[in-house]
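K.L.:
OK, Swiss-Prot features for this one:
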type: ACT_SITE; residues: 142; note: active site
type: BINDING; residues: 99, 141, 145; note: Fe cation binding site
């Protein structure tokens, strides 16, 4: 297993739209496992491939410790390839979010309370999943990454600029 470096804002790759995966191969599955290890290493709940510099429509999610919904034992981790949101609730919920590509930042984001997605699973089989609560939020957050959208994009221009300046300063002090 490999642990990848995390791409952090204001890196321009995070603003690009990811491309579909053509086929779920052994190489794709190894990459997803490496993404998962990287996510665990960064104490994340989810990770999009773009966050490790690969512009493919792949997500990994594991929130079993925080999910209020009782799920089958083998439900997590979720490997989600080429997701599309096919349904969103009209009920909106605002909650505080963090992101491993935006270190030390917490932002209030309003999102639909539930979503239904269609995707390919770990084996390349088509699946549908209706998610609500925290899982819906994590799916939407990670899906935004595939679309080149960050949680700071939900802020006003002024607030977004302040956060991005902080991140740039943080990045320059670290590198």
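The backbone N, Cα and C atoms fix where each Cβ goes, glycine too.
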K.L.:
Do any residues at least six apart in sequence from residue 142 (active site), in the same chain, have a Cβ closer than 8 Å to its Cβ, and if so which, in order?
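P.N.:
Correct list: 46, 47, 48, 59, 61, 80.
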K.L.:
Need the DSSP three-state call for residue 145 (Fe cation binding site) to compare against my parser.
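P.N.:
Going by the DSSP assignment, residue 145 (Fe cation binding site) falls within a helical segment, counted as helix.
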K.L.:
Taking only same-chain residues 6+ apart in sequence, whose CB is under 8 Å from that of residue 145 (Fe cation binding site), what do you get?
P.N.:
14, 18, 48, 50, 51, 59, 101
K.L.:
In sequence order, what residues of the same chain, 6+ apart, have a Cβ less than 8 Å from the Cβ of residue 99 (Fe cation binding site)?
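P.N.:
Listed in sequence order, they are 105, 141, 150, 151.
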